[in-house]
C-alpha cells in the first residue's frame, strides 16, 4: 500500500515537472513571437521603403513633388512637416486629455459612491470601445460647426499669442479641433488605467495620512498620486501612442497642409503621417507606395522611441 502510494506520488511529481517544462516552453515561445512579429514589421517596412531610398532619384523627386503639391523635393522635406504635424496634434491632445483623465480617475477611485463609480467606469470603458470613425463623424458633423465660436473667442482675446493668432478658420478644420477630438478618444485609456492604479494604493498608507490629520485631498496628494505616478505616466504614453497612429478621425476633420506651423486655429497648416498615408494610398503607384511606406517606417520608429522613453521614465520612478 505504501509503495503504491509512493509510486503514485512520484508519478504525479514527474507529470507536474513535465507540465511545467511544457508551460515554460510555451511562455518562452509567446515572448519570442512578440519580438519576431515586431522585427517582421520593421523588416517589411524597411524593404518596401528601399525603392525610395536607393531608386531613381528623378522619379523619387517627381513622386514627392506630386504628393506634396510641389512644396517638397526630397524625402526629408516631405516627411519633416508630417512628423511635425503628427507630434503637434498628438502632444496637444495629450495635454488636453491628461489632467481631465487624472481628475476623473481620482473622482471614480476616491470620491464617487460605489454605484456612481460603477456607472462612470462602465461609461469610460464604453468610450474606449467606440470606433475611431464614429469619433470622426462626430467631430466633422457636430463639433466642427459648433466650436467656431470658441475658436473665435480664443482668436479675439488670445490672438496676441502666435499659436492663437487669427483669424480663426471657418469651418475650423484645424489642428485645435482635431486635438480636441483626439483628446476625447484617448481620455478613456488614460482614465481607466489611472483609475486601476489609484485603486491599488495601499490602504495603510492612506489611513496613515488621514490619522496624521491630513484632509482627503492632502491624503491623495501625499499617498495616492506618488504611488500611482509611474502608472499614470504609462497610461499617458498609451494614450499618446493611440494619438500618434490615429487615422480616420484626423482624415475626416483636418484640412491638411505641409507647413511647420504652430497656428492652431488656421486650416491647411499641418498633416499627420497616418492620415497622409490613408489619403494618398488609393491613387499611389509602386514608387508612391514605397514613399508612403517610408513615412510609415518613420512613424514606427517614433512610436518605438516614445514607448521606450516611457519605459525608462517608469523604471526610474519605480527605482
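Cβ atoms here come from the backbone N, Cα and C positions, even for glycine.
Checked against TrEMBL, the range among 51-76, 129-154 recorded as transmembrane segment is 129-154.
TrEMBL assigns the feature transmembrane segment to one of the listed ranges (4-25, 26-47), namely 26-47. Note on TrEMBL: of 267-288, 289-310, the range annotated with the feature transmembrane segment is 289-310. Taking every listed stretch (26-47, 129-154, 174-193, 289-310) in turn, the largest tally of C-beta pairs under 8 A with the transmembrane segment (243-262) is reached by 129-154.
Relative to the transmembrane segment (174-193), the listed stretch 82-108 leads the set 26-47, 82-108, 129-154, 289-310 in CB pairs under 8 A.
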